[in-house]
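Colleague: This is the feature table in TrEMBL:
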ACT_SITE  Tyr389  active site
ACT_SITE  Asp429  active site, proton donor/acceptor
ACT_SITE  His527  active site, proton acceptor
BINDING   Asn280, Glu311, Asp429, Asn431, Asp526, His527  Mg(2+) binding site
DOMAIN    95-129  domain 'SAP'
SITE      Asn431  site 'Transition state stabilizer'
SITE      Asp501  site 'Important for catalytic activity'
SITE      His527  site 'Interaction with DNA substrate'
Amino acid sequence: MNKVLQLGLQSSVINVAKSLRVGSSIVGVGVGTRSVNKRLMSNATVKSIPFSINNSKGKEVLKIVGAATDQNCHQMGSDSGRAEMGTPQDDRKDIEAMTVQELRATLRKLGLPVKGRKQELISTLRLHMDSNLPDQKETTSSTRSDSVTIKRKIRNMDEPTEDDYSNSEAYGIEHGEKRVKQSTEENLKAKVSVKAISKERKSLTKTGKQQIHLKEEALSTISSELLKTEEMISSLSQSEPWTVLAHKKPQKDWKAYNPKTMRPPPLPEGTKCVKVMTWNVNGLRALLKLESFSALQLAQRENFDILCLQETKLQVKDVEEIKKTLIDGYDHSFWSCSVSKLGYSGTAIISRIKPLSVRYGTGLSGSDHDMEGRIVTAEFDSFYLINTYVPNSGDGLKRLSYRIEEWDRTLSNHIKELEKSKPVVLTGDLNCAHEEIDIFNPAGNKRSAGFTIEERQSFGANFLDKGFVDTFRKQHPGVVGYTYWGYRHGGRKTNRGWRLDYFLVSESIAADVHDSYILPDINGSDHCPIGLILKL
């Protein structure tokens, strides 16, 4: 398609010499210093009018080289209110008869350039008149649609096609330009659209491949990180299994206990306090024979003031020999051994603080409770410390009745009697997982010793309901922390345990507890040590 569009911007007039076809029409465009004329007569239709550019001495002069059709023109008024114009020939004469002031006033009203000589103003007005002749084939709906169409055509014409290059005579010719049929233009549009779509598809394909590649890299990175995380978790689960939440029916807000992250910072230096630890050693002599266990290292690491032991399984004749192995500085030790069944049960308190007094058993004369060496009570300046090993209800729950009807009640009465003079700290293996959070598999152990409903209710009624506070649960209400893992099924490796060991304190000193903690990394028994730091 032969197209010529040359734009020369000087002063306020642009001379355009080209046939610009819109659908089946040619629109003459006059552009001033402002912009393309946006006031192209609303709902006007246009007729094909060939025009050209004649640029002489750097000044632009528009020349109408074609003739208008016989159709009537739309009205065009000046500031003096001119009447309707007749034929195009009459209109041209009227325009030529106008003064420069009238021409400029008319052009200004039409939004056209008003600078230049009279002949230039006449040419601009004629071009505007001719460009607004009615067209029988196509009617535009609004000025906006005309402007949009013109802009699109200009954009298309700016890109030379194969037809432009094949006909070099099209350039520089002022007259006799060849018109191209609308079908050719539509075909050209189709070709351009196909090329654009093809180019866009290629771009999208390339972009898609890049995105896929980036996603694959991201997935690979995520997979690598997940693998590392899984390896870390696996490593932790082997070296620190207590940090992995193990529970059959965990609640949403439950977390596994980790002493490295859940313990408070140490008290300021000089703060008066006492540090008590308790541990069911499940046979002290066997523990001391283990090469991996060093009581000295434990004492140096924890720097405890008092150590309470349960299930020492010592006989009276063994106590003196064991005392010789005690760590220097812990010069005060008190032992209670079973006399009804040798090598069974047994408790002890080892302290570097000398107590004011020491009692064994419940103090009840002739009581069977005191025959198994299950209680040692030490009195200190500001509190009583009771170290106890509560009887297990046994296989088949043979001792359940004894446990809840006799032992728990007797121990509770003993505590309440002591509490009349001083607050009490009750510690040891209390052989009860009080709540479901305290045991790995609550549903499967409803009739197991230590988790029967009877034992749990007795624990609450005889201790918690009487004003004693479970210090660990108060400090960690939603934390799963165990102190016992059975040997039978390797529960320690998978953290499938029970919380059976406690520090219960009188409500009057509960606010003075700085820390109540578990040391699950200490081996040597099926229980681990637990600790209490109490401000004095």
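Cβ atoms here come from the backbone N, Cα and C positions, even for glycine.
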Colleague: List the helix, strand and coil residue totals of the domain 'SAP' (95-129) as derived from DSSP.
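Modeller: Split by secondary structure, the domain 'SAP' (95-129) comes out as 26 helix, 0 strand, 9 coil.
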Colleague: Of Glu311, Asp429, Asp501, Asp526, the recorded positions given in the record, which has the fewest other CB atoms within 10 A of its CB?
Modeller: Asp526
Colleague: So of all those recorded positions, Tyr389, Asp501, His527, which one's Cα sits nearest to Asn280 (Mg(2+) binding site)?
Modeller: His527
Colleague: Tell me, which recorded positions from Glu311, Asp429, Asn431, Asp526, His527 are within 10 Å of Asp501 (site 'Important for catalytic activity') if we use the C-alpha atoms?
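Modeller: If one measures from the Cα of Asp501 (site 'Important for catalytic activity'), the recorded positions that come within 10 Å are Asp429, Asn431, His527.
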Colleague: Of all the recorded positions given, namely Glu311, Tyr389, Asp526, which is spatially nearest to Asp429 (active site, proton donor/acceptor) at the Cα level?
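Modeller: Going through Glu311, Tyr389, Asp526 one by one, the Cα closest to that of Asp429 (active site, proton donor/acceptor) is Tyr389.
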Colleague: If one looks at the chain holding the residue listed as 'active site, proton acceptor', which residues at least 6 apart in sequence have a CB under 8 angstroms from its CB?
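Modeller: Trp279, Asn280, Val281, Asn282, Asp429, Thr483, Tyr484, Leu500, Asp501 - these are the non-local Cβ neighbours of the residue listed as 'active site, proton acceptor', listed in sequence order.
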Colleague: Looking only at the domain 'SAP' (95-129), what is the model's average confidence as pLDDT?
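Modeller: Averaged over the domain 'SAP' (95-129), the predicted model reaches a pLDDT of 84.
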Colleague: Around the Mg(2+) site recorded as Asn280, Glu311, Asp429, Asn431, Asp526, His527, what other same-chain residues have a C-beta within 8 angstroms of the site's C-beta center?
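Modeller: Filtered neighbour residues, in order: Asn282, Gln310, Tyr389, Tyr484, Leu500, Asp501, Ser525.
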Colleague: In whole Å, how far is Tyr389 (active site) from Glu311 (Mg(2+) binding site) when you measure between their Cα atoms?
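Modeller: Approximately 7 Å lies between the Cα of Glu311 (Mg(2+) binding site) and that of Tyr389 (active site).
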Colleague: Reported as an integer number of Å, what is the Cα distance between the residue listed as 'active site' and Asn431 (Mg(2+) binding site)?
Modeller: 8
